[in-house]
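Feature annotations, reproduced from TrEMBL:
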- 952-967: compositional bias 'Acidic residues' (COMPBIAS)
- 306-599: domain 'ABC transmembrane type-1' (DOMAIN)
- 673-913: domain 'ABC transporter' (DOMAIN)
- 1043-1280: domain 'ABC transmembrane type-1' (DOMAIN)
- 1319-1553: domain 'ABC transporter' (DOMAIN)
- 946-968: region 'Disordered' (REGION)
- 32-51: transmembrane segment (TRANSMEM)
- 72-93: transmembrane segment (TRANSMEM)
- 105-123: transmembrane segment (TRANSMEM)
- 135-153: transmembrane segment (TRANSMEM)
- 349-367: transmembrane segment (TRANSMEM)
- 426-450: transmembrane segment (TRANSMEM)
- 456-475: transmembrane segment (TRANSMEM)
- 578-598: transmembrane segment (TRANSMEM)
- 983-1000: transmembrane segment (TRANSMEM)
- 1043-1064: transmembrane segment (TRANSMEM)
- 1232-1248: transmembrane segment (TRANSMEM)
- 1254-1273: transmembrane segment (TRANSMEM)
Amino acid sequence: MKVAFCGNDNASAYDISAGVLKNVCFVDALNLVPHVFLLFITFPILFIGWGSQSSKVQIHHNTWLHFPGHNLRWILTFTLLFVHVCEIAEGIVSDANMKSRHLHLFLPAMMGFVAATTAIVYYHNIETSNFPKLLLALFVYWIMAFVTKTIKLVRYCEDGVPLSQLRFCITGIMVILYGLLMAVEINVIRVRRYVFFMNPQKVKPPEDLQDLGVRFLQPFVNLLSKATYWWMNTLIISAHKKPIDLKAIGKLPIAMRALTNYVCLKEAYEEQKEVANQPNKIPSIWLAMYRAFGRPILLSSTFRYLADLLGFAGPLCISGIVESFQNINQNDTNTTEKTSTSYLSSQDFLGNAYVLAVLLFLALILQRTFLQASYYVTIETGINLRGALLAMIYNKILRLSTSNLSMGEMTLGQINNLVAIETNQLMWFLFLCPNLWAMPIQIIMGVILLYNLLRVSALVGAAVIVLLAPIQYFIATKLAEAQKSTLDYSTERLKKTNEILKGIKLLKLYAWEHIFCTSVEETRTKELISLKTFALYTSLSIFMNAAIPIAAVLATFVTYEYQNEETLKPAQAFASLSLFHILVTPLFLLSTVVRFAVKAVISVQKLNEFLISDEIGDDSWRSAESSVTYESCKKHTGLVTINRKQPIRHQLDSYEQSPRRQPCPFEIDDIAIKVTNGYFSWGSGLATLSNINIRIPTGQMTMIVGQVGCGKSSLLLAILGEMQTLEGKVHWNNINETDPSCDATRSRNRYSVAYAAQKPWLLNATVEENIIFGSPFNKQRYKAVTDACSLQPDIDLLPFGDQTEIGERGINLSGGQRQRICVARALYQNTNIVFLDDPFSALDIHLSDHLMQEGILKFLQEDKRTLILVTHKLQYLPHADWIIAMKDGYVLREGTLKDIQTKDVELYEHWKTLMNRQDQELEKDMETDQTTLERKTLRRAMYPRESKAQLEDEGEEEEEEEDDDDNMSTVMRLRTKMPWRTCWRYLTSGGFFLLFLMIFSKLLKHSVIVAIDYWLARWTSMDNGNKTRDSLNIKHLNKSYHVAVFSLLCGAGIVLCLITSLTVEWMGLTAAKNLHHNLLNKIILGPIRFFDTTPLGLILNRFSADTNIIDQHIPPTLESLTRSTLLCLSAIGMISYATPWFLVALVPLGVAFYFIQKYFRVASKDLQELDDSTQLPLLCHFSETAEGLTTIRAFRHEARFKQHMLELTDTNNIAYLFLSAANRWLEVRTDYLGACIVLTAAVTSITYGSDSGLLGLGLLYALTITNYLNWVVRNLADLEVQMGAVKKVNSFLTMESENYEGTMDPSQVPKDWPQEGEIKIEDLCVRYENNLKPVLKHVKAYIKPGQKVGICGRTGSGKSSLSLAFFRMVDIFDGKIVIDGIDICKLPLHTLRSRLSIILQDPILFSGSIRFNLDPECKCTDDRLWEALEIAQLKNMVKSLPGGLDAVVTEGGENFSVGQRQLFCLARAFVRKSSILIMDEATASIDMATENILQKVVMTAFVDRTVVTIAHRVSQILDGDIVLVLSDGVLAECDSASNLLLKEDGLFTTLVKTNK
């Protein structure tokens, strides 16, 4: 066929006698001019690179500066490209109907397509170069194109071309588009004034764009990059070269930061508060969330609607393609006539199979783009919401009343749940939100289209779906219930596990592991039953989603066959099949959305409860907002009731410098704090402190003394505003600034307070950060403080000195070290007032004296700071300027020591007897200060410190290989490798039978599903062939045969769906059960060394996060992965079977897919790890804040902690945002690949196919591939990350357990062993691990039955190690300990430990009852327990509690004071009437009076038993029968105390002199 621009079949084609513009061909040629012009102008500019670097705005991401109308231009250009494609297609189809080739029908359109593409590329380059003058070329182009197209349109109107002709419509649309683009260009000129104006507008990039740290570009890039996530390419490809870290992902853009969103949500919530200002109304969080985040949700919903509507193009196009294919086949015999008319109606156009294939391709691409855009917008909004909620929760935590936390109304667990679970539930609900309103419309549309195809029988199928939907809903609600009960049980299990891990040392020493382990196993069994229910409903849900379409299709087609005369056509069959597939998705999602909606409602209830819970007293001097205005302050003279918790410090400063202040009356000025007529409560309404009238003198030391539990700590907290004030007032005095003596203090904040709590609280940070606590670093001051607190020797021992990370509640430090760091923090702060709550409790006498002398008397007094000190050490009373003596919650006496001596002789005498040291001796001590500094081996903290390397490496095989080989390619190979070995371990831990069953049933199920569709293809194709040939009878038989086989296959498919979904869940459960059981037993039987070197949080993580992943996440991921993979493989097989030519096109698509998944998996893994690793510090910060609330509020550091929380939240959010953007990156690419597969499948089938049934089947499967390709990669990446949990659990399973067996049989050990309590220590050598140095060397000693033995020595001399050796908690590698004739190394561990008693330094109580804490084995009578309590001085107190012995003990025994907890531990030891009692610094936390009583009790109640006391104070063991003095792990001296004191230069004598 000859080629000519206007064709060869029409002589008048080149005739211009009627006028040039009358010739249609000439008008088409004229249309080429603008396109050629644009290409000539722009190509040189693009190639020469006009937009060179020099002209670019100097910002680090040049794509960020948009011209006005940027998005509209992109949308119009894409629409223009689409219309050009239609124009080209119309031209080619029209040309095919002509007798000769007419280039003018499609060549201008092709050039127009190229020009439009060039225009947008050109525009993009000019925008990034910020050189708007070059846009003039585009402006001219739009004008020319608009004019030429208008001429063409006018030409058609004159020729009377009707509207029904497609070419007329296309030309009309193009005129409009060119006109709009012209308007956009004029707008750019108007706004930017780059031409025709004297002064062009200067543009400055927004704040975000100037910040080099912002790497998240989604809000700033152009529309195409936004839609395809093109800007993510660099990050995802770079992940292959080096792991993505926090630096690579940078900071969040301002609009997405937690603070920005918090302000929005807070304002909306405050509005709701005002609305709900009635008594019973609660402010609605839902409405507040809608106000703050409603708009993006609406945008997302719009995208979702567009995507859903475009989704229906699939079935419609399949129907059209199959129909036109049949028509072509039928019409092949009588070929159509060629015409010379070039017009085509839209109906003819859409009747072309190739046109439909291209339209289907474009519709798919658009649908997927909209869908991903919808997902992205909801996810971004969800992340913003989570950030805002976290900030709200944190602000609330900072204002929570202390009684809420201490009385157990609001536990740390609940707060952690709010942060970790509830906010995430709401975020997930927001992700799924648009589905709620998009799904009903999708269902209605689907049913209408089905009805069009199949009439009444379609309604039967729809009815099946609708009738089965309530079952789905029922399953979803049951799932939510099962999940809730699972969560409750897992929370309970975690609480128990947490208690076990915190008290593991005690449990091992008392041989109670099995009791607590059984308790956890019981809860785990309940949890597993709940998980079984959950798994059953999950598998039912999966089954329903797979079975509903099969059942619906069966019902529909069978009804159709028997109801209609004509047989089912392939076009109808496959279009309706595709529609059923579309209908199932919303129904499947409906159950999930309902489940999340239920969860979200529960979460909002919990959030509401939390947000309206009690806050700390809103007294004017301690309110959340600034209640002290400048004016009211100026009116006050003297005492001002001050806002103690005002976060905005500079307001106070500016008010402090007010020049118009009057000097204060002198008398009042001596008083820093005054409490008048104070009644304070811990929230119960009962006054804990009553009738408090005290004064705290300025710049002096006030000491508060009294017995355990008399309310000393409460008094401090009451002054700090932590308690509920029932009556009375706390006044904080001004400092008189005219007083010259105040010059030194003027730099300090007037009411600034430093506070060291009784229970040391440390941050998860370095030692230095813990001490300076946000203040500026001053080297001299820092050194003075660390010296005063004797911290330098400890710091020297830490692996990285004061840069060592401590924290996790200071788990890797001893009690004394933690306490001294907290005291150092209080001393270091440059504050006027210092509160120290029992700072000496965990320190030995030597450290106490040093702290008293250097830290308090020297450092604080020299600074003229006001000090309030709570203590039990009465020997320091003479140093006090003012003393407050307390008893049972009221003030017994107040005054100087002299006042009390004269006014209350009895009390003074009582104190005097308790003071076993005199002032002169204290002075003498100060002369021998050398000995204090001699302790270079201060507190080896029992173990050498390991750096946190253990944290980083958890025995991951791959990582080890990485260390061995630094070769880059090896590292990359490992990063891209799937952890198949771990997968295999996981699968086999579920049992081989279940594994085989799962694989077999999966393969069988997918084979049957393919068979169903194949049979349908054969059936519909055959019937079409049989139309004329067969008699009615045979046709009827044929119909019955086909229907019967179809029904059988469908039935088999439904049954197999149920079996497969059940086997996967069942296998997952078995694996989860086995892994947790092995983990718990391994951990609980692990050596004590493991718990000292492994952070508690790390172990707890295995039981919480990792177990949760294994329980609930891996089975569905595995199910989804196998299903998606098998679906894709069966689809590719089916298409290839229908048209083998498809395999040729599959090769490049396969290669593309391989690289996409390879790059994505690495980046996704990195981002997921970043998300997880940034989540942990955030959760830790929340629990840390809740634990240290009183300290943070006393220091008034709320603002700093808030800032830190916002930073942590933003860091976590940016990681999550990048992760979701990476998911979108993948999905867009796999979706586009899927669309290419559909296009190639359609084109190859139309060109080479023979059977319309197989063509329909191939297209149907090609469409399913688009849905499942990204799931294969996503699930693969998820599984890879989730297998990390299995790997971490497995790494703990390789740990060696303690040897519990022993060489003796338990039956050989006498029932009452040890009866006598005789101990022989023979040449004992002890170490903590095989590879460590010995801590005890060749110790020999003999202890007679019933002797009272004292063990003393400097800190770190091996005292505690010896006590642990009795219980074989450490490795006895040489020598032996023989108790009553039996070598303890031969005994089974459980027997040994259950026959001895020990009281530890740290008092540990477990949640439960008092009875359970004293006797978890339930072996003792009540009388025995009461006797023990009486001995421990607790009987009266326990009797007064509700429930007596069954009174509740909260987590960690928080509802008792430290001293009371220690007394309970003593009672616990007395309950176990062992003939040997070991006391390991047991009296460290109690006051002297109680301690003296205890000493007497030990002497009387244990008169016939062997008592080994590790001395905290040497004075405790002076009455002992024998004293062992240890020094550096060697037994230096061993004799009675009196004999040892005779040696003047002996170690014991030295200790007594310095330590009496």
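Note: Cβ is positioned from N, Cα and C throughout, glycine not excepted.
Curation plays no part in TrEMBL annotations; they are all automatic predictions.
983-1000 is the stretch from 72-93, 349-367, 426-450, 983-1000, 1254-1273 with the greatest number of Cβ pairs below 8 Å to the transmembrane segment (1043-1064). Counted over residue pairs 6 or more apart, the CB atoms of the transmembrane segment (578-598) and the transmembrane segment (1254-1273) come under 8 Å in at least three pairs, which marks the two as touching. Here the listed stretches are 32-51, 135-153, 426-450, 1254-1273, and the one with the most C-beta pairs under 8 angstroms to the transmembrane segment (105-123) is 32-51. Long-range Cβ contacts of the transmembrane segment (456-475) within its own chain (Cβ-Cβ under 8 Å, at least 6 residues beyond either end) map to 447, 450, 537, 540-541, 544-545, 548, 551-553, 555-557, 559-560, 563-564, 576, 580, 583-584, 587-588, 590-591, 594. Within its own chain, the transmembrane segment (983-1000) is flanked in space by residues 1060, 1063-1064, 1066-1068, 1070-1071, 1074-1075, 1110, 1114, 1122, 1279, 1283, 1286, 1290, which lie at least six positions past its ends and keep a Cβ under 8 Å from the stretch.
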